[in-house]
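All remarks here apply to the structure that follows.
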Amino acid sequence: MAKELQVLNALDVAKTQWYHFTAIIIAGMGFFTDAYDLFCISLVTKLLGRIYYHIDGSSKPGSLPPNVAAAVNGVAFCGTLSGQLFFGWLGDKMGRKRVYGMTLMLMVICSIGSGLSFSRDAKAVISTLCFFRFWLGFGIGGDYPLSATIMSEYANKKTRGAFIAAVFAMQGFGILAGGIFAIIVSSAFKAKFDAPTYKENALASTVPQADYVWRIIVMVGALPALLTYYWRMKMPETARYTALVAKNAKQAASDMSKVLQVDLEAEEQKVEQLTEDKSNQFGLFTKKFLHRHGLHLLGTTSTWFLLDIAFYSQNLFQKDIFSAIGWIPKAETMNAIDEVYRIARAQTLIALCSTVPGYWFTVAFIDRIGRFAIQLMGFFFMTVFMFALAIPYEHWTHKDNRIGFVIIYSLTFFFANFGPNATTFVVPAEIFPARLRSTCHGISAAAGKLGAIVGAFGFLYMSQNKNKDKTDAGYPPGIGVRNSLLVLGVVNFFGISVYFLGS
């Protein structure tokens, strides 16, 4: 097997060294950018509604029509799904490193493009935003299989899980950075351009300069990606790809000799034997793959699909839940920039108290208690806390009980991240053979994004009030936040049962 190769064995048994941390930061900054770009849109959707969909004489501020809101929230996920499949496949065909640079430049260009528009007309602005967010998502999609595979193939055996989880944990910092930056920008604009509330003066409550707020927040996502491009291009290709897929033993030994700072033999004959061994030559659409890894792929895809339905609907629509329990005041009692500030503050608090710690708990414990134990525990507690929110929902809407609601809501995030949100990323990077690893991780991640699309589009409509008079402008009545939370609880419960497929 591959472990007989000296170069791969050296990587497996290597002590934790500086290059491991460099790889975590370089791969992790991609994930930092991914999270910032994907989640910053939820901070500014209400603002977009106020700026471009204001109706004179309306008692409520303008809001994005249902089809527009669904497109703005969901188009990046459609791009991400496509990118995961395409770049996952390309990563196994062309090599991890070469494709890595492409995804990063796409993210830089499209982050900047998202904040630009061809005119100030609502249709032109939203069309431009959706076009660039699709291609931004396409680049982000490629980052999933490539970052996971590169880290998996660089890591040693002892701490592989923790290293891959650490790359993914940068997502938490990306969400946090998005919230903090939105607070800074909205505070600065609020101080400079004071405005009355919507109730006091509907037209004056949205100052013309508010149009710059969402553009700045969206475009800043290009910076971290741009900063890591040079370092990504300096990283050598992974030894597993070079030796086992590209069949270049000499290059693999040379690259890893520099990384590990030891002399390694090329072992060209061994590489030839390994790559010509018929038992190692099965493709993705073969009976042999189905027999060896079919259940693994079913397990990784189904758990990621179910997890992302709950995770992304929770993340994208936090602002609606906070409004429903009165944590964010009614829209008409705020001006446009103040609303951005309050939404960002609420989301930052959740990220700081539950999202970020959850990721790093996984990093600390994944190699001690195992992937599947963490995944099962995460799904279990997500189910418990979702039902704890949903069943006595009326109780939580009373002003005195709102802090309790936020604590339990935060715990569902904590156990999503100290649970399946991290393990669904780690397991596909370890369980599949090197020549199909990036492809299979891409397929698993794409199943997750399909779940995110279901969550993003479905929850938007489902969470609307049953009473037509209380729904957001243009939306049909839904089943309400309480019933939506019950549905998400059931989805998490299915995650517990499906987990056994991958084990």
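Cβ atoms are placed via backbone N, Cα and C, with glycine included.
Note: TrEMBL annotation is automatic and uncurated.
Worth saying up front: this structure is predicted, and the values here are computed from it rather than measured.
Some features that TrEMBL has for this protein:
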- 21-48: transmembrane segment (TRANSMEM)
- 23-503: domain 'Major facilitator superfamily (MFS) profile' (DOMAIN)
- 68-87: transmembrane segment (TRANSMEM)
- 99-118: transmembrane segment (TRANSMEM)
- 162-189: transmembrane segment (TRANSMEM)
- 212-231: transmembrane segment (TRANSMEM)
- 349-366: transmembrane segment (TRANSMEM)
- 372-391: transmembrane segment (TRANSMEM)
- 403-422: transmembrane segment (TRANSMEM)
- 442-462: transmembrane segment (TRANSMEM)
- 483-502: transmembrane segment (TRANSMEM)
Inset, instruction - With pairs restricted to those 6 or more apart in sequence, evaluate whether the transmembrane segment (212-231) and the transmembrane segment (349-366) have 3+ C-beta pairs under 8 Å. - result: no
Legend entry - Beyond the flanks of the transmembrane segment (162-189) by 6 or more, those residues with Cβ under 8 Å of it: 20, 23-24, 27-29, 31-37, 39-40, 43-44, 147-148, 151-152, 154-155, 207, 209-210, 212-213, 216-217, 220, 315, 337-338, 340-341, 343-345, 347-348, 351-352, 355-356, 358-360, 362-364, 366-367, 417, 422, 425-426, 429-430
Inset, instruction - Test the contact criterion for the transmembrane segment (442-462) and the transmembrane segment (68-87): 3 or more CB pairs under 8 Å, pairs 6 or more apart in sequence, then answer yes or no. - result: yes
Legend entry - Paired segments the transmembrane segment (372-391) and the transmembrane segment (483-502) in contact, 3+ CB pairs under 8 A: yes
Legend entry - Mean of pLDDT values spanning the domain 'Major facilitator superfamily (MFS) profile' (23-503): 88
